[in-house]
Amino acid sequence: MDLFLCIPLGDDSQRESSPFINSDNDREPYYEGKNMALFEEEMDSNPMVSSLLNKLANYTNLTQGVREHEEAENEEGVRRVAVMVPQMGTFIGVYLPCMQNILGVILFLRLTWIVGTAGILGSFAIVSMCCICTLLTAISMSAIATNGVVPAGGSYYMISRSLGPEFGGAVGLCFYLGTTFAGSMYILGTIEILLTYIVPTATVFKGTDDEARLNNMRVYGTCCLVLMALVVFVGVKYVNKLALVFLACVILSIMATYAGVIKTMIEPPEFNVCLLGNRSLSNEKFETCAKTQIVKNQTVTTELWSIFCNSKYPNATCDEYFTLNNLTEIQAIPGLLSGVIKENLWGDYSPAGMYIENKDQPSVQLLDTPIDTDKPYVFNDITTYFTLLVGIYFPSVTGIMAGSNRSGDLRDAQRSIPIGTIMAILTTSFIYISCVVLFGACIEGVVLRDKFGYSVKKNPVIGILAWPSPWVIVIGSFFSCCGAGLQSLTGAPRLLQAIARDGIIPFLQVFGHGKANGEPTWALLLTVGICEIGILIASLDAVAPILSMFFLMCYLFVNLACAVQTLLCTPNWRPRFKFYHWTLSFLGMSLCLSLMFISSWYYALVAMVIAGCIYKYIEYKGAVKEWGDGIRGLSLNAARYALIRLEEAPLHTKNWRPQLLVLCKLDSDLSVKHPRLLSFSTQLKAGKGLTIVCSVLEGTYMTRGNEAKTGEQNLKAAMASERMKGFSHVVVSSNLRDGFSLLIQSAGLGGMKHNAVLMAWPTGWTQARDSSARRNFIETVRETTAAQQALLVAKNIDHFPSNQERLKEGTIDVWWIVHDGGLLMLLPFLLNQHKVWRKCKMRIFTVAQMDDNSIQMKKDLQMFLYHLRLDAEVEVVEMHDSDISAFTYEKTLVMEQRSQMLKQMQLSRNEREREVLKLTLHKKSLLLMTLDPLYTLNTASHSTMTDKAAGATPDRVHMTWTKEKLIHERNKHREGMGVKDMFNMKPEWENLNQSNVRRMHTAVKLNEVVVKKSQNSQLVLLNMPGPPKNKKGDENYMEFLEVLMDGLDRVVLVRGGGREVITIYS
């Protein structure tokens, strides 16, 4: 296989099209020698392969992890970034970071409660759905991450370069918000552990109610957030140094949990739960689970008696439920072999404020008694249902992007990312599923449903299972949450900085700046502000579904990106990871979408609205980026499919819309000469058809190629200023006539070809010294007719309204003389759709001859317009036969005199050209004769042939040619030119061409009527008569049109394409 490598030059915006990242624009000359001299002129743009391979071998990239950027400036002021050579392998670089990000606060604080509430089977379903979702996403992510280098930005970079800046920006910001709210969740988890298990007395707001607890969370959470932000601001290297410590805490906590499970088989822990009837009691304020106890052979009441009765004496009045039910003490952790797994198979959902009860325990229930929150019962703090648990659990499986975010730190990223990420997901999935089963098999149901461990001396439920002590879990989970919070506060600002530096969202550009060493200071401040919102919510259970939405949306688009790229089969889609398929990506995408709505349908809608608003904002105001994304490829495929479908069947009249080819003229500066032509095109685009704006430059493409590109850019700029959607093209041709002909024949593609040509009236054709403008116009009319295309010719185009003007009143007058497809009827309707012409009324005039019934014609026309669903005033103008006026004869005479003069002037010009040609050939023959006398014979024969070819007179060219002879020959034919004969002609009307007289009569009479009726209208639409079939009458054709439009300001001549464009049928 032959391999051709090319390195395009350019600025940073072109960097991604290069085969390597670190392309230096200030390259040193590196070519010496003669071996490659054939290619030496192309070395600047196409370097030698050896140079390219050398750059690839020396490739380095900035670390995208959390290592600190240490930058220095050299004497020229150019930044030099000190980077380390990537050294990390799969285990250290991908596997462990993913494990650390996936395992966290939900495992230690909420998994036991989820198992107790949903049951083992329900929890297994939740964990399986979430883990399968992340596994499928990891497969898609691995395919994208191994399809080239993934620089800074991680998942944002992958999505934006695969789905385009609009999707990339929207999903990148959603991922940023998800990471930021994850920081809030980890900080809330840290404070919950601190205030519930470590120092429960260190509360600012005293009280046992939920409001005091939430306020304490807000105060301590804000302090913790500020402290973590300071650590990140001072330097993330401290976060790096603690990363292994945090990971070790997680691993030790999990090992302690498994060790505790094994120990329950030998000796269950000494933790008991006290039940009153079947209700679980919080045993924080009492030691003995009994109403009375014997002390020194005396029966005395316990602390529980004092709590439920009004005094400590046996004859006190007690709570009725306390009196009717017995106290029972059961083991909190019966052990793996106890058979408690059967009781925990099914879920137990209940509303907020309900008692946590053991359904198998006997109890005497009281009817119609309110819930007593003052007694030490254990209550549900929130209403529980399956979908809520899904939203709370899902954050525990996020963090799969940690490997791809560190791609620059890896020795072989394309090998390490798939293996490390998928292995980490499989490992954590095993841990979660095994924990679900083991928790349900070891722990009593009422204890599992006790979220904060009130019934077991306010210990974490997973802590009482762990061995050797609950403090292993408490300390381990505390540091784990601290580390995860620091990681979120470190990663989120860098993600926002990557988005801001891409420049796709203008208002975020300030967040692309940072400290001198590259730390994103402003982005960190915004992150802290958003994170504070999550902390003010103060509930881990309320924050978790929010970040679940944002992460699920990010994963959804990762799967979509992989599916799109796979289905498009683009040549650049060559992932090294081969174990992917578009069906897996589509399944993962569907699962992400389902989980979004399962978790919280209103949060899902809010997340989608946020992403949609960002998408539309980037589409409207964002920078234009070409990243070779899949959406653009999808558009190309869709366009190709649509074009092929359009070719399969002819277009129906109901689908007809004006597809305009706008023939635009450029001035000497290559700027648009008539910008109002583009405005008028925009106003006609209510039909939403195709628009191609074209122009022709005279010359050759080799000499004027750059001018053609400049002209095309100027056309695009003019179209953008008019907010005109369409295409622009400038061609270079040897003459304008051929260029226009080429455009009329070949512009467009397949079914998206133009069906109408719009051009400006050649105003200066009467003053032009040559007839090229006239000939070009007439030939364009003929070619559009031959191609069955409509033609619109706008006179006084510079007087037409711009797109910013609003015509307050007036009429659009249609003069319907002949029917050539109905385009005349359709144009005013299309113009009325635009805000410029919206207040103008439509009037239709038609002409009745002597034999026509004008009253019936008006009724028929009104009925026809009614069926066409067009609102217009109708007027029938009667034009009776009349004698041809003297004015008409005078007009015809002047026209024919002008035509004759133009012919004579053209003849004179041709004669002069032939004389110069003769003189040039004679000089060449004299020179050759002096060199070679044998050339004389050839000269004579050649002169004869040249004279015949040029149609010259048979006079021989004498060898004794003098200046006087030259002047005599030049003036010989001029003296008998015929100009004097033309001026001596008598204006005898009977000698005029009667066909021309009749045509002029029609033009004059029709013009009189049009001016009388429509002189004050905003726009006049007229049928355009076709040019004469005999080209000898071309000179007169332009005169007829001038007379027809005389005295009118804004006129559009309309010539139909020969097919119906409007129908009365639905």
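Backbone N, Cα and C define each Cβ position, glycine as well.
The shown structure was predicted, so the numbers you read here are calculated from the model rather than taken from an experiment.
The transmembrane segment annotation in TrEMBL covers 89-114 (among others). Counting residues 6+ beyond its ends, the transmembrane segment (89-114) has Cβ neighbours under 8 Å at 123, 126, 185-186, 189, 192-193, 243, 246-247, 250, 253-254, 389, 392-393, 395-400, 402-403, 406, 409-412, 415-417, 419-421, 423-425, 427-428, 431-432, 435-436, 439, 443, 448-451, 460-462, 473, 476-477, 480-481, 483-484, 487, 540-541, 544 in the same chain.
The domain 'Amino acid permease/ SLC12A' annotation in TrEMBL covers 94-265 (among others).
Per TrEMBL, transmembrane segment is recorded for 120-146 (among others).
Non-local neighbours of the transmembrane segment (167-199) in the same chain are 104-105, 108-109, 153, 155-156, 159-161, 213, 216-217, 220-221, 224-225, 228, 395, 398, 452-453, 458-460, 463, 474, 477-478, 481-482, 484-485, 488-489, 491-492, 495-496, 498-499, 502, 504-505, 527, 530-535, 537-540, 543-544, 546-547, 549-551, 553-554, 557, 607, 610-612, 614-615, 618, 622, 627, 629, 631; each lies 6+ residues outside the stretch with a CB under 8 Å from one of its CB atoms. Residues or ranges marked as transmembrane segment in TrEMBL: 167-199 (among others).
Annotation source TrEMBL lists transmembrane segment at 219-236 (among others).
Same-chain neighbours of the transmembrane segment (243-262): 66, 96, 99-100, 103-104, 107-108, 269, 336, 431, 435, 438, 442, 462, 465-468, 472-473, 475-477, 479-480, 482-484, 487, counting only residues six or more beyond its ends whose CB sits under 8 Å from a CB of the stretch. Sequence annotations record features per position, and here TrEMBL assigns transmembrane segment to 243-262 (among others).
According to TrEMBL, the feature transmembrane segment maps to 382-404 (among others).
Feature annotation from TrEMBL assigns domain 'Amino acid permease/ SLC12A' to 386-661 (among others).
Residues or ranges marked as transmembrane segment in TrEMBL: 416-441 (among others). Beyond its flanks by at least six residues, the transmembrane segment (416-441) meets 88-91, 93-95, 98-99, 102-103, 107, 111-112, 115, 119-120, 123-124, 127-128, 131, 134-135, 138-139, 141-142, 145-146, 254, 257-258, 261, 336, 340-341, 344-345, 396-397, 400, 403-404, 407, 410, 448, 462, 465, 577, 579 of its own chain at Cβ-Cβ distances under 8 Å.
Under the heading transmembrane segment, TrEMBL lists 461-486 (among others).
Taken from TrEMBL, the feature transmembrane segment covers 522-540 (among others). Remote same-chain partners of the transmembrane segment (522-540), defined as residues 6 or more beyond its termini with a Cβ less than 8 Å from a stretch Cβ, comprise 105, 109-110, 177, 180-181, 183-185, 187-189, 192, 214-215, 217-218, 221-222, 225-226, 229, 232-233, 489, 492-494, 496-497, 500, 510-514, 546.
Within its own chain, the transmembrane segment (546-567) has Cβ neighbours under 8 Å at 133-134, 136-137, 139-141, 143-144, 147, 155, 158-159, 162-163, 167, 171, 174-175, 177-178, 181-182, 184-185, 391, 394-395, 398, 534, 573, 580-582, 585-586, 588-589, 592-593, 595-596, 599-600, 603-604, 606-608, 611, 630-631, 633-634, counting only residues six or more beyond its boundaries. The transmembrane segment annotation in TrEMBL covers 546-567 (among others).
What TrEMBL records for 579-596 (among others) is transmembrane segment.
As annotated by TrEMBL, domain 'SLC12A transporter C-terminal' applies to 675-791 (among others).
Look at TrEMBL and you will find 792-883 (among others) tagged as domain 'SLC12A transporter C-terminal'.
Within the model, the domain 'SLC12A transporter C-terminal' (985-1066) carries an average pLDDT of 76. Annotation source TrEMBL lists domain 'SLC12A transporter C-terminal' at 985-1066 (among others).
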Contact call for the transmembrane segment (120-146) against the transmembrane segment (579-596), three or more Cβ pairs under 8 Å: yes
Residues in the domain 'SLC12A transporter C-terminal' (792-883) grouped by DSSP into helix, strand and remaining coil: 27 helix, 24 strand, 41 coil
Cβ contacts under 8 Å made by the transmembrane segment (382-404) with residues that lie 6+ beyond its boundaries: 93-95, 97-98, 100-107, 110-111, 114, 117-118, 122-123, 126-127, 129-131, 133-134, 137-138, 141, 145, 150, 154-155, 158, 178, 182, 185, 347, 349-352, 410, 416-417, 420-421, 424-425, 428-429, 432, 541, 544-545, 547-548, 551-552, 595, 598-600, 603
The domain 'SLC12A transporter C-terminal' (675-791) - residue tally per DSSP class, helix then strand then coil: 62 helix, 24 strand, 31 coil
